[in-house]
Amino acid sequence: MMQKQNMIVVNQTEIAKNIYELVLQGDLVQQMNEPGQFVHIKVAEGITPLLRRPISICNVDQEKNEFTMLYRAEGQGTKTLAKRKQGELVDVLGPLGHGFPVEEAEAGQTALLVGGGIGVPPLYELSQRLVAKGVRVIHILGFQTKDVVFYEEKFAELGDTYVATVDGTHGTKGFVTDVIDNYGIDFDILYSCGPLAMLRALEGRYKEKKAYISLEERMGCGIGACFACVCHLQEDPSGHSYKKVCSDGPVFPIGEVVL
């Protein structure tokens, strides 16, 4: 159930170049039961910046009433958020959207989790949920360069983990698909989040597989009212049928929406 709450900053750390790990505490955490959902953050007290920022949920600790999110500080809004200190309050709306269907993976199966850049964080909570139900997980994490690599060790604690960097400064040189080819990775179900180019490449390969992708889109309201994040459906070539990433997604079965 969606709620709005002023949550307390437990801590905030820069864990890679311009990548921040923010831990917040509040009762709203009890509503976070679906990996892949996101929250809408009001980054400043005034009206500038006006719009909330959508940030995915990376980790949930309901015993402590805490959740973790990772984000890249690159625009006015996220740079403002990066200045928040321990003990301060952050206005949070969430959890929002529909997340990854953990129930689609069965115990004993192998799930491949593929993340690109800031699309990596929501896969961490997903991986923990899958491991808890007896699913073997393989992670492929794609980044531009070694300076922005994060959470490699945390993912490795859960299952086999491979890293690809475009410039080859860490892990495999190239893209996530190069890792799949180089290591001959096989799997039963695919979950992925990242840039459109990466998702298109995966869709081209695995349209017949059981697979789910999470889209990264700019959003206005985050609750399905403003129509700023619509995407067209592949089954309707006229382009008149659509879904909203914020409320119908951000997770969709592969092949359902036009990338």
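Cβ atoms here come from the backbone N, Cα and C positions, even for glycine.
These figures come from a predicted structure and were not determined experimentally.
Residues or ranges marked as domain 'FAD-binding FR-type' in Swiss-Prot: 2-102. Confidence annotation: the domain 'FAD-binding FR-type' (2-102) carries a mean pLDDT of 95 in the model.
When secondary structure is read from DSSP and collapsed to three states, Leu70 (FAD binding site) falls in the strand class. The 10 Å shell around the Cβ of Leu70 (FAD binding site) contains 22 further Cβ atoms across the protein chains shown. Annotation comment: Swiss-Prot describes Arg53, Pro54, Ile55, Ser56, Leu70, Tyr71, Arg72, Gly77, Thr78 as FAD binding site.
Taken from Swiss-Prot, the feature [2Fe-2S] cluster binding site applies to Cys221, Cys226, Cys229, Cys246.
Cβ neighbours of Arg53 (FAD binding site) (same chain, under 8 Å, six or more residues apart in sequence): His40, Ile41, Val43, Tyr71, Gly77, Thr78, Leu81. The two recorded residues, Leu70 (FAD binding site) and Cys229 ([2Fe-2S] cluster binding site), have Cα atoms 21 Å apart. Annotation note: Ile55 (FAD binding site) sits in a strand segment as assigned by DSSP. Of all the Cβ atoms in the protein chains shown, 14 others lie within 10 Å of the Cβ of Cys226 ([2Fe-2S] cluster binding site). By the criterion of other Cβ atoms within 10 Å of the residue's own Cβ, the least surrounded of the binding-site residues Ile55, Cys221, Cys229, Cys246 is Cys221.
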